[in-house]
């Protein structure tokens, strides 16, 4: 039988405020006032009379109110937000960057008054981690309009793995989620990269979505102060059309759903949500979205991954491809293709829901169209090898870059033609000046951007000629996934409707698994012939112009394992010969130091080269290793990557960034390469992290075992953990 005391305690705990609730909940007036009342009502000068009847087998509750023992629920602090925040920053943020890190030289100790003593008794908050968490919590409390709060100590000394996981799931994803419709078009339609004299919100609508044109036209009419420019997209997209649109750059419409407006009761449209990478990247991006989906699915946010697949299907139907990003100047450029795997992962989570099979069918049909119209068509397809290349069309200088980005390249040409820099760019873009050398340069520059690996000495000035192991592994995966899906879910025949027909296809034409299995077998033969190097035991890119295999050692060699195109013998060779070349303290390097070559003032670092590591390379390698049953290698690499992210998070005020220097032990988030490091520039508290790094963290925690996760929470380096496990 349950005792009265046990019941009393259970009731008290059940009414307790969750100390790990999201900030907007935890710092709401109702929640924090309730926390204050609970803290005060448990402050007693004596326990006598409260539990006067001793209960057999239970220890009498300890006296409270005369000291600050932690007790069952930990300390709570009574804090005046503004004054404490000011004192904390003045004392501990010695470099005045609105962050508290191991580089600050303050005393690393600040006393706070406990709630149970009404602030009279004080307790020292010590160390970088707790103080930086305090800075973050006070910043959030202030943003939520709080002047005074009750703060649980458990929010300050929370296990860092739990804290980062919690923030990713409950805060970062929300901070990165966007949608495009009338409610946000004023913000979403503006482009920080807009170079025109009259920057204004602008949206292009494809001819196949007249309902969206009517919707946005009404938005523009109802809200003239927004100055929204609603434009029809030209029916035929050519490099010349895209170039001419650069004088009026704009957002591209994405998928919307029909809903009922609660205020009017009438039908209207609402944008399907998507997750952006973060930092200055605020549109729907290509392969970022796939990587993010891996984490979204882990965090039970499959609805976001599903809507991103639907957005991609819309893009393929109306723009012909999954775009680099949804701005008009990206219309000729795609990114690494992951749609089939993304759709199958989502389908696996929603297959019990009505309409799930239609969702999968649409995604596979869209992938078939993309495969034929983009990746196995001119100019990307190489008929000699049967392999594909990143080789987008386009004219002139990429307009989305900073004006000064190409100044060193173009200045001599401007001088040659006796023009200013701006005059020369305009003349070159519009064909009044023809320079074959520049044409070749920008062909490869666009290809590098399409590859997602911008920039790298692996690809510089050659990318458009390369049949890369990464792209062809992805296309092999498309072929196998499409064959599997048609065979497993559609009785081995899939009818192609008119909107997804391409080339000489006719509406109603059937696709069968054997067609796609045959394509996969052919691609594997070509990959083995041109990209596999038996002597070195790894894959390399192939230069289709020079007709020779490249020598740059890239972590994309492991994409063959992710896709399943490597034989068991090739996979074993990769683990034996390639893996040691790329493994570093923080996980996998993008490339080897030897391949990168010397760097200096005239040859600076490139962000996709040594010594940098990126989340996509880690996740694809882990998955590939597990596919071939190299579980220990996958766990080791995942642990190293997670440890690096966690230590930077602990030591540098909760930072989570786009990329890391995986050779740096102390401050791996500090990257000396072009474009800086998105996610590091914040004041007080990070609210987004970075999309695919967020995903890699929660996805990686699924790779390591439970013991590793506990050890990770104690910030134990891999070598120390491994040594202890092998005593």
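In case you wondered, yes, glycine gets a Cβ from its N, Cα and C as well.
Among the features that Swiss-Prot reports, active site, proton donor/acceptor is placed at 454, 658, with the record citing similarity to another entry. The feature Ca(2+) binding site is assigned by Swiss-Prot to 93, 95, 97, 99, 104. Residues or ranges marked as substrate binding site in Swiss-Prot (evidence: similarity to another entry): 280, 287, 288, 324, 333, 334, 335, 400, 449, 452. Residues or ranges marked as region 'Disordered' by Swiss-Prot: 47-72.
The separation of residue 658 (active site, proton donor/acceptor) from residue 333 (substrate binding site), Cα to Cα, is 22 Å. Remark: of the binding-site residues 97, 99, 335, the most isolated position is 97 (fewest other Cβ atoms within 10 Å of its Cβ). Closest by Cα distance to residue 288 (substrate binding site), from the recorded positions 95, 97, 99, 104, 658, is 658. For residue 658 (active site, proton donor/acceptor), the nearest of the recorded positions 99, 104, 449, 454 in terms of C-alpha separation is 454. For the recorded Ca(2+) site, residues 93, 95, 97, 99, 104 set the reference point as the centre of their Cβ atoms, and the other residues of that chain within 8 Å of it by Cβ are 92, 94, 96, 98, 100, 101, 103, 653. Set side by side, the recorded positions 104, 454, 658 differ in how many other CB atoms lie within 10 angstroms of their CB, and the most is found at 658. Distances between the Cα of residue 93 (Ca(2+) binding site) and those of the recorded positions 280, 335, 449, 454 are shortest for 280. A simple Cβ count within 10 Å picks out one of the binding-site residues 93, 95, 288 as the most packed, and that one is 288.
Long-range C-beta contacts of residue 280 (substrate binding site), restricted to its own chain and to partners at least six residues apart, with a cutoff below 8 Å, comprise 192, 678.
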